[in-house]
Amino acid sequence: MNTLLTNIREQQPLVLNVANFVTMQHVADAINVVGASPLMTNEPQEAAELVGISSAVVLNIGTLSEAQWPLFLAVGQAANRQNKPVILDPVAVGMPYRAQFVRRLLANVHVDIIRGNASEIAWFAHAEVAGRGIDTLDQTTHQQEAELAAKNTGAVIVQTGVVDVITDGVKTQTVHTTSPLLAINVGAGDMLSGLIGAFAAVTDDYFAAGVAATELFGQAGERASAQVNQLPGHFIGALFNELYAMTQVEVTAR
Ligand SMILES: Nc1ncnc2c1ncn2[C@@H]1O[C@H](COP(=O)(O)OP(=O)(O)OP(=O)(O)O)[C@@H](O)[C@H]1O
Ligand SMILES: Cc1ncsc1CCO
Ligand SMILES: [Mg+2]
């Protein structure tokens, strides 16, 4: 039994998000259906007080602007001061502006978990991968890059793709759920990053949080894909239904 999921249902931790404006609603819904409580923020002045009532912080750079630098800094530093886990989703970090923003962020904020696709994680391994055609790399290379990214950053890395790789640079675990609809759903990665926040909110073991969230999300994605006969237009509702159902089973099975 996934005891972390039970902990989420019982504690209903608040997960604070600096979200992107494309997938914000889906991220809030995903966090909500597994039993945690989402809160989105866009005001640096309230960072300390919102972090104070939160159990994890998710920073997503999807629709970044320089005006948001004080927000990222205030929320990240408040989380560090208050010992709350910080999860980073480095959307398109290979692009130069985003790259220097993330470099600045990592110089000022300790990040506990980074969740990205293979191209994004490769940037943390090498810091020079824009347009490198990373998808042609084989899985062994992906895993080595995830481990190198973990060593470079000191963060647990959750690298998503056909196979998901979770590593702290020493121990590594792979998750083999296969859901093509997850791959094409805009925001699947953002939702997973939010769920990792929900799991990191209930344990200090961020490796375990990364594994549990990735397994849950992958399994829900597989079930939802089957439910809708692989039709993308019906997928998101089915995904929330399956995430919710799996959470209910976990709790009633106690
Ligand atoms: N080729 C694939 N086959 C099956 N599942 C995949 C594939 N690629 C990604 N996934 C799954 O999709 C989810 C999101 O991962 P992905 O790597 O697409 O994130 P992302 O690129 O950040 O997505 P987004 O930007 O849309 O949020 C993960 O659960 C991952 O396991
Ligand atoms: C499409 C898109 N553009 C910026 S963020 C985002 C959602 C995927 O992360
Ligand atoms: Mg993404």
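Glycine is treated like the rest: Cβ placed from N, Cα and C.
Marked as substrate binding site by TrEMBL: Met40, Gly187. Within the same chain, residues at least 6 positions away in sequence whose Cβ sits under 8 Å from that of Gly187 (substrate binding site) are Val22, Thr23, His26, Val27.
Arg115 (ATP binding site): 31 other CB atoms within 10 A of its CB, across all protein chains. For Arg115, Thr160, the entry in TrEMBL reads ATP binding site.
Close to ligand 3, meaning a Cβ under 6 Å from one of its atoms, is not one of the binding-site residues Met40, Arg115, Thr160, Gly187. A gap of 18 Å separates the Cα atoms of Arg115 (ATP binding site) and Met40 (substrate binding site). If you measure from the Cα atom of Met40 (substrate binding site) to that of Thr160 (ATP binding site), you get 24 Å. In sequence order, Arg115, Gly116, Asn117, Ala118, Gly189, Leu192, Thr214 are the residues near Thr160 (ATP binding site), counting only same-chain partners six or more apart with C-beta under 8 A.
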